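According to Swiss-Prot, the protein has these features:
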COMPBIAS  322-335  compositional bias 'Basic residues'
CARBOHYD  Asn165  N-linked glycosylation site
MOD_RES   Ser299  phosphoserine
MOD_RES   Ser312  phosphoserine
REGION    291-343  region 'Disordered'
TRANSMEM  12-32  transmembrane segment
TRANSMEM  72-92  transmembrane segment
TRANSMEM  129-149  transmembrane segment
TRANSMEM  210-230  transmembrane segment
TRANSMEM  239-259  transmembrane segment
TRANSMEM  266-286  transmembrane segment
Amino acid sequence: MAGGRPHLKRSFSIIPCFVFVESVLLGIVVLLAYRLEFTDTFPVHTQGFFCYDSAYAKPYPGPEAASRAPPALIYALVTAGPTLTILLGELARAFFPAPPSSSPVSGESTIVSGACCRFSPPLRRLVRFLGVYSFGLFTTTIFANAGQVVTGNPTPHFLSVCRPNYTALGCPPPSPDRPGPDRFVTDQSACAGSPSLVAAARRAFPCKDAALCAYAVTYTAMYVTLVFRVKGSRLVKPSLCLALLCPAFLVGVVRVAEYRNHWSDVLAGFLTGAAIATFLVTCVVHNFQSRPHSGRRLSPWEDLSQAPTMDSPLEKNPRPAGRIRHRHGSPHPSRRTVPAVAT
């Protein structure tokens with residue numbers, strides 16, 4: 001920005017790239033997430049279990065909607081929370097800009113596309129950050145669902161919904177001589193319970209709810225830390241970030257306390273979501289900072305007098321005028337002396 005006027009940049013590829021590239025990629029990610037979540041296009045791996053295994057014999061906690069952290073609440077939080085935070089942050093940044101001395105050079109340009117479309121820096125930042133967040137949210141869903149489909153790890157209440165016939169499977173009941181399980185069941189028809197409940201009970205690792213919460217919290221906390229400017233206090237931003245981390249931690253605790261997931265499932269979900277958010281913030285949106293403007297090429301019809309000039313190295317480092325060096329390397333004074341003539 002020079003003289004109070006924003007830097008303008010003309011681009012005819014921003015709208016086609018957004019419509020035909022980024023929107024298409026986002027649609028593919030959404031479609032794949034839907035296929036993994038709500039269809040049987042990718043069947044869940046059938047993993048065996050030990051007879052009377054206490055790790056999978058917890059009571060059935062009921063449907064997911066009856067949980068203290070139901071999926072509807074989690075989806076609403078991971079969608080509305082980061083969106084409102086980023087929206088408020090960008091509005092505050094646009095209407096109350098920081099002084100140049102306390103913030104890096106923005107370098108954002110107002111992009112003009114065609115004769116009518118003009119994209120200001122606040123609008124571009126808002127679309128960029130929310131678009132990348134949406135892409136990462138569905139990517140996290142894909143990673144979590146793919147892990148559940150491939151591994152097929154049972155939940156802690158798996159045997160309660162499976163209801164296997166141990167007598168028909170040849171599983172003797174535990175006794176003092178055999179305190180632990182001694183037979184591993186791999187028969188796919190061993191479960192007599194509801195097929196839908198059994199299929200849902202085979203999708204424990206990693207915990208999808210924990211992954212989504214960790215992704216949303218990490219992305220939002222990094223935005224608060226890197227974008228928000230608070231003067232006179234060092235505890236405001238850490239307090240906000242810890243307040244954001246608390247619900248995600250509580251979701252993991254609820255999943256374990258209700259026997260819906262193991263601790264290992266929750267931890268794997270936390271790591272998956274946090275890793276995806278960290279990658280997107282660091283490598284895609286560049287820590288929510290704008291790249292400095294690096295200049296542009298002059299068009300052929302522009303005046304060459306506007307081109308940047310370069311100083312000559314001879315002007316920067318002039319040769320000393322006091323002494324010169326002989327061609328054989330012996331120095332001698334630069335002032336010429338007239339030889340004496342014998343008379």
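Glycine is treated like the rest: Cβ placed from N, Cα and C.
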Any chance you could find the range in 12-32, 72-92, 210-230, 239-259 with the most Cβ pairs under 8 Å to the transmembrane segment (129-149)?
210-230
Under 8 Å between C-beta atoms and at least six residues away from its ends: which parts of the chain pack against the transmembrane segment (239-259)?
58-59, 61, 67-69, 74, 77, 81, 155-157, 207, 209-210, 213-214, 216-217, 220-221, 224-225, 228, 265-267, 269-270
Tell me the coarse DSSP state (helix, strand, coil) of Asn165 (N-linked glycosylation site).
coil
Would you mind listing, in sequence order, the residues at least six apart from Asn165 (N-linked glycosylation site) in the same chain with a Cβ closer than 8 Å to its Cβ?
Ala190, Ala192
